[in-house]
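K.L.:
My structure is below; once you've seen it, I'll send some questions.
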Amino acid sequence: MVTVREEMRKGPWTEQEDLQLVCTVRLFGDRRWDFVAKVSGLNRTGKSCRLRWVNYLHPGLKHGRMSPKEEHLIIELHARWGNRWSRIARRLPGRTDNEIKNYWRTHMRKKAQERRGDMSPSSSSSSLVYQSCLLDTVPIISMDGGDIHDDRSCMARVLKSTQSVMDGYTMDQIWKEIEAPGAPSLLGIDEGKDKACSNLPCPLLTSTMSDYSCPEVFWKIDNEETRMLATQSGYGK
């Protein structure tokens, strides 16, 4: 004769099953769980009966929310021992390792959400502060395209004005004017240059840039270098 083994029940426990298990444990104790499961008439495994008793039905268990003292102790012990829930549970009478683990996960999830909520406005605020600092520390010199264009335009106009003043004069006249001691400015070039610069919207960025816009080096030539150039060119003979 072949006996058909009945399939073990799984899933949530009913109130009737809880009462049966409590009565059986009171009679036979909470040690031999395979035997308890068999004599109780419950279609449950010994492991299932043990977990139900330890986590829910034991008379020494506490139910409900964790007290502030328990919460503080859990955080302190977790910092010391990590995820060793059974060891932590021994320091909290009436609380199971599974209950403590669930509390910790809920606590950490809530803490992470609060951290994200706090960081959201602060990050945007930090961004605004950073942008403000950038604006405060921007150099006075602006090197955008408009300024560079104006500076080049100024140089071009000055050179064009100089060229127009020099037109109509021979090289002999130019060299004589350069070599003449105590002579006035070369054919009015300085005057033309100053007039051109005064009428042009040259951007005065810095002293260096303003020197570059109307450089004196274009208008003053060392007499010794002039003589050397004249000798090489044949005009100083």
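Heads up, the Cβ atoms here are built off N, Cα and C, so glycines get one too.
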K.L.:
Can you say which of 14-17, 62-65, 70-73, 222-225 is given as motif 'Bipartite nuclear localization signal 1' in Swiss-Prot?
P.N.:
62-65
K.L.:
By a Cβ-Cβ criterion of under 8 Å, what residues six or more beyond either terminus of the motif 'Bipartite nuclear localization signal 1' (62-65) are in contact with it?
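P.N.:
Counting only partners 6 or more residues beyond its ends, the motif 'Bipartite nuclear localization signal 1' (62-65) has Cβ contacts under 8 Å with 93-95.
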K.L.:
Is it possible to list how many residues within the motif 'Bipartite nuclear localization signal 2' (109-117) are helical, extended or coil according to DSSP?
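P.N.:
The breakdown for the motif 'Bipartite nuclear localization signal 2' (109-117) reads 9 helix, 0 strand, 0 coil.
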K.L.:
Would you list the DSSP helix, strand and coil counts for the residues of the domain 'HTH myb-type 1' (5-57)?
P.N.:
33 helix, 0 strand, 20 coil
